[in-house]
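What TrEMBL says about this one:
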COMPBIAS  847-861  compositional bias 'Basic and acidic residues'
COMPBIAS  870-882  compositional bias 'Basic residues'
DOMAIN    20-132  domain 'Cadherin'
DOMAIN    133-244  domain 'Cadherin'
DOMAIN    245-351  domain 'Cadherin'
DOMAIN    360-470  domain 'Cadherin'
DOMAIN    471-576  domain 'Cadherin'
DOMAIN    577-679  domain 'Cadherin'
DOMAIN    700-799  domain 'Cadherin'
REGION    847-894  region 'Disordered'
SIGNAL    1-22  signal peptide
TRANSMEM  817-838  transmembrane segment
TRANSMEM  1016-1037  transmembrane segment
Amino acid sequence: MGLTLQVVLFWLLALHSDTVTGSTLYRVQEEQPPNTLIGSLAADRGLPDSGHLYKLEVGAPYLRVDGKTGDIFTTEIPIDRETLKDCRSLSKGKLCYLEFEVSVTDLIQNQSPRLIEGRIEVQDINDNTPQFPSSVLTISVPENTIMGALFSIPLATDRDSERNGVAEYVLTAGPDAATLFGLQVAEDRGGKLPQLIVLGNLDREFKDSYDLTIKAVDGGNPQRYSSALLRVVVTDANDNAPKFEKSTYESEVSENSPTGHSILQVKANDSDMGPNGEIEYTLHQAVDPVPRLLRIDHSTGVISVKGSLDREEISSLSFYVMAKDKGPQPKSSKTFVTIEVTDQNDNAPAVEIRGIGLVTHSKGVANISEDMPVATAVALVQVSDKDEGENAVVTCVVAGDVPFQLRPASDSSSDNKRKYFLQTTTPLDFERIREYRVEIVAVDSGNPALSSTNSLKVQVTDVNDNSPIFSPAVFEVDFAEENQPGEKVLDVTASDADSGTNAELFYNILADSSIKGLFEIDPNTGEVRARSPLDREHKERYEFRVTAADKGSPVHKGTASVVINVLDRNDNDPKFMLSGYSFSVLENMPPLSPVGMVTVLDVDKGENARVHLSVEPDGGKFVVQNGTGTILSSISFDREKDSSYTFRLKAVDEGEPPRSSYVGVTINVLDENDNDPVVTKPSNFSYKRLSPVSSPDSHVEIVEAEDLDSGPNAELVFSIAGGNPHQLFRISPTSGEITLAKEMTRKHGGLHRLVVRVTDRGKPPRHTTALVHIYVNETISNVSLVEALIGHSLYTPLDRDIAGDPDNGFAAQRSNILFGSLAGVAGVVLLILVVVFIRHRIQKETKSGYQAGKKETKDLYASKQAPKNAKGKRGRKGKPQKSPKPLGEEEEVSLQKSLKFNLDGINDSPRIHLPLTYSPGSPDIGRHYRSNSPLPSIQLQAQSPSASQKHQAVQDLPAANTFVGTGTDDNSTGSDQYSDYSYKTSQPKYNNKQLDQRLVAYASTHCCHLLSSKSALIFPFFFFFFSLLMYMTLISVKFPDFRSAHQDKCQTINMFVF
């Protein structure tokens, strides 16, 4: 309960404050814990709790102030009333104060700070125990002392104030002394004086001393006490005690009085005689500083100066003087002495200069910004004089011609302590004067007057009113790629017209995402370094901004642009756009035709990016153009020989050292429809026997063909172009299989010649024609007859059908045969003459014409030069010779390709070579006799073997026994227009395949009418057989079907004639 009341009392005291004009008073008990709130200046002085800066100027280290609210708190160092300088020598009844000063600065209006002065009454707490001068106290009492006599007991002292000081004494005695001694406490000037009272008669011979216990108890709560042994010594009797003339003595002494200076004399009288009447003076129970400063003459009682007196330190001395006689049992008395120390003008005024508000001082130097307004406080000047009265009245001025003056800081200043603001009187200019030496002179009013001076160095600080400036504003530098990390790129520098920290620059890069992490700058020197290797191919130019910020407040910045041009190194190989190239070209392209284009890039620059292309290995077939990358062929392509070409292209740059790369190139030769289909099976001379009783859909034959082209150009379509008037056969367009379409009848017996056309799907399409012979019969009894029929078929125009038995329908032509026979007899005579003439003519022109069994020494069919005089020669009746009449398309059955005659082979018989080249549009075999080929040809002239002469021409069929042609024209030209035949001498492409040479009997319009030269030797026989031959010839001309039916008979007759 007592502790709670103490805490409540403390807060009541702490929160109670007295505010006087210019001063604030707070009360607080000593020994409070840290951060105990003492008072709030903002609330107590009506100041705002924001926008102001509170700073403790005086009061450390016991106090601290919150800079925003002005609240005053205790610190880690407790306030101990007994140790405070101003409270250690306090006279009784005086209070203990702790002074403080707080400056308040308006941060919003930037006004000069104002000073708040205050005091804190430090209230005592019972934190000290009463203490006796010694643990054993001795008192001498004469044995003849009467009862009731009083003897002084040494006082106990307590450092606490009166309330907590010694409040009572307690005497404890044993049984033998309890009836002899007692305690009486007297009040004297607010103090307790313990006295020993004699209660009974003393007998020294019975007992000469008694030990008692005395206890001193203070008035605090809880109470504190201490005890001492009080020893009473019984002495012999002494009748009278000394007696002072005054109960108290008061005097004054000037400070600084010399040692030995007499202050006053105390005097006591003793009625006894002899030694009992001799008096000795002593300072009774005096405490420091009395024994240090004063002394007393033991005989005379004169008190004099012992030590240096300083009123400013001790202004008053109070003590007891005891007078004691010299009897065997001395008696004593005491008196109270007070000596006031008077002032002498021995102290010059003290000038203290310290910081105020935001202006701090360090080693006598104050810094103030040049932009501070006039009347800004630079320092707080406190002038004090330890003297008093007129000696403490001080006048203070600023010496010299400086823009500063003193202004009173507080109205509550006393005469011996005044405070001033040292403030500016004019604007400061850092560029004109950067520092001032301000001297302050203080003079007191003493006689003689004392003075003192103090100075303050005021440094005008620069205002950060200049921004850093780069020169130049744009830094451009060339920097090679592939640098080392941390390599220096350039230095950027800026200057600032300010000084000090305002001119200390901090460099930085305003980096965006594009250069983040690539560059760094030394913040102090401005050296720009590359943090990682640069790649010109990634980015050739970097541009960013750098800033230079000073360290002033507020911070000012300057900016500049940095341009870094990345120089190229030859660090990249030429690169082809593709990992491999494949081009497709048509065959038969002329040399130096472009076949493809490659693109090669070198991401370097300049000479490092100039690329030279070459072909490896250089076989001479291809060249490449530098600059365009175009690949040209040095050859003409033939897909059938080489369908693809593979080589490498090498790209080399012009860097140092050069770098290269390779790429593979494939040239695929696309097919051009330049090859005709070739029938490999069956041959034109072969035949297939078919039983007349074969059922429909029976397999007859299969036509096999090939095309050296590819793709659609090699896709073949089979069709029957002729020789199937009865629609007896059909062919599969894809497989070439010939099957029987329907049942056969009697008229279908015999030889059938199917004209099969094989066409590719090229554009334009190309085709070839093949003959498929089918002999419909039960058996083959006469092979020679079948071969003769096939030989006849080869010379029969393709527009005429050979399809079965020719006797069918012959009865209807018998009448015509009769008329033909008569006509034959009538013409025998005429024919004899004609034969004789022809024979004679043949013998005459043997050298220029054809003779069987004799090799030709020149081209039988070469163009013959007309005589010079024959130019413009007309024929009979003066008419010009008529040119051969052009054949109608429906009659044209001439061979499509030209014939080439060779006079080699068996019996040197002339052969007709049918080359494979042909002009587009040839529909069938007839176009073998008409060709638009640009190659050389020969024209069959009049001296060539005619149809009326008896000779046999052997014809060489083309490869695989096929007649070839192009186009879709189905028209043909008649076979009797031999004089118009042209022959193309082109070499077939199938030189790697040995082709069969098949011989075909060649005739004009008669099947077997060439006469042997031996027939002229036996004229009668010749006449008979020739008559018969002419008869059959007329019938054959008139009735071609009859001729076909009796081919075997005609052949027999012909052989016999030969």
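Cβ atoms are placed via backbone N, Cα and C, with glycine included.
Worth saying up front: this structure is predicted, and the values here are computed from it rather than measured.
Of the Cβ pairs linking the domain 'Cadherin' (20-132) with the domain 'Cadherin' (360-470) and spaced 6 or more residues apart, 3 or more are under 8 Å, so the two regions touch.
Shown for the domain 'Cadherin' (577-679): DSSP residue counts in helix, strand and coil, namely 4 helix, 49 strand, 50 coil. Here the listed stretches are 360-470, 577-679, 700-799, and the one with the most C-beta pairs under 8 angstroms to the domain 'Cadherin' (245-351) is 360-470. For the domain 'Cadherin' (360-470), the DSSP-based tally of helix, strand and coil residues reads 4 helix, 58 strand, 49 coil.
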